[in-house]
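Worksheet: one structure, shown below.
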């Protein structure tokens, strides 16, 4: 190997090495494009890598795209500090790519794409590269970060691919492993991209590259690059034509991470390319399989009288408290003397109050009293395991799928109070045993005089009168022993449950909400809302047409395209509710949404049920919230803070720690909406990452969030968790872009009011 020969001057060295450096540094972006980049360390990916994709964006070339009109190889070198900053950024990227290579991940070799039919096409994997190449790359990164190796005197805002280039000697030959040979782009294209961002017009200076002769140990079939001279012409149009969609998208994010607000215009011109929306369709002749998940039969419920008086309900909670205390004492005794299952066994909760026996007690009590207590349990059941302890989550999941039903005597009394002694004469047939039980009522099948099949929801007695006391009693009992974790926002859950239950107990209000939703989705072929039967509905009984189906969370075994369809429609519905209609059904309990059959045509539909928790949102609130989401979509942290203060998330007096945590949480939630290609929820970790920020926000928050946020974010969380449960792929970014493109700010006078 030839000895190192230092260059005659920094400028001369930079001119000589421009081509290899462009090639070399280039592949960082490709190595991170798509889904494979997400498997690398999150900190490097979100911090160093988002900056390295700009290849020295610390110089901010995009902020003043016409600032430089000199030839590509300017005789003026950047300042030492500027060059050092760029060197550190590039070094971070090289280090990241070295780690990719060590795992056998190369540009385009991992991840998958989604076809319009929902088919996932996986790329081939390769074996890890030789360790000495990785070591050389790491050493190069170290030298660059310390300024030992200089960079070219111009910014590298576009870097499309990175090979295994190693600068060990200024005259060394570049070795290329066979598996990377096809990944090296033409140097002319790289120069064109650089010139486009710099705003330089006219032909690029000729660049000659001399052969390099370095041979690394362990690398065979190396390719020798022959000397070549490239001439390129730079167009004045945006550089989007020479970038892939993913590269341009990633480039914009990186520019904004260093507060460059002009990147989007520089890349796309005045018109940004519209993201292509993946709209999966159900397979031809698809039939809804009702054998699994059909809720039109009760398999886990028992008949039991509902405690109708406050004293009776209080006594039930008192029995639960004593039972939990005794169960916890017995569990501690068993653990102390090593009786039964060992604590170390998988699935055994550490908290003795969450023993198996106590779990049975909680489920039995909530299923018996129903009402507010059961509602709170159902709300908690849809939370993520990073927020609610798994053992408690299992308890509430059992609660969500189970509820005792009223004896026939109580059912008849409720129907008599609503429609008089001759209530049965209004039906051709009424099934005394319910086919579904919910938190505040149970549902019976019936047939009208005209032959229509209907569902009759009958409210449990005493529920409306005992809302506040039921919730207080349940929270008091379960708070013993520290069952609820800190930072779970229990107060928020309780507040929402109180308000929603008082609204849900008014079936006349729910009927109005149901009719309004039928109007809103009238032209939407994929969604259906059952018709309300007014003459057989009251404040405590609600009758609607009967629709057969199964809850969406019971569709986990459906084909991928069906799961994508369900999750996609659910998220699209949520976006329309808040931004288009400003009227939302805020209870994301998955049992309220069916994959069902149209009652007349039998065609598959996403069926919406239970509108008791429906509410409207003011235009001013939605306008500001839209600005926050769009700022997250754009990666604009300054705007997120500005609009968060305006809406009431922040006061303006928070510490930088609180502001950073808040912005980070918004950016995390906005990741799905910021992606211009389908988002794979199978690998999402949004809730886990936000959970890590909660302690900081709890400690430093100066004001509670706006009242509207609690119900809105609960619905959004339900959408995300459903998509994750179904392991679906959804074009969240494309759907949001469509909504935002047609959104009109300012009062429009069309607020919906059902109260």
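Note that the numbers count up from 1, one per residue, in the order the chain is shown.
Glycine too: its Cβ is placed from the backbone N, Cα and C atoms.
What Swiss-Prot lists as region 'Disordered' is 57-78.
What Swiss-Prot records for 67-78 is compositional bias 'Polar residues'.
In the three-state DSSP scheme, residue 437 (ATP binding site) is classed as strand. Here Swiss-Prot flags 435, 436, 437, 438, 439, 440, 441, 442, 443, 457 as ATP binding site.
Secondary structure at residue 587 (active site, proton acceptor), taken from DSSP and collapsed to helix, strand or coil, is coil. What Swiss-Prot lists as active site, proton acceptor is 587, and the listing cites similarity to another entry.
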Tally every other Cβ atom lying within 10 Å of the Cβ atom of residue 443 (ATP binding site). 25
Simplified DSSP label at residue 443 (ATP binding site) comes out strand
Let me know the largest Cα to Cα distance in Å among the ATP-binding residues 435, 436, 437, 438, 439, 440, 441, 442, 443, 457, as an integer. 15
At the level of the C-alpha atoms, what whole-angstrom distance separates residue 443 (ATP binding site) and residue 587 (active site, proton acceptor)? 18
Can you tell me how many other Cβ atoms are located within 10 Å of the Cβ belonging to residue 441 (ATP binding site)? 28
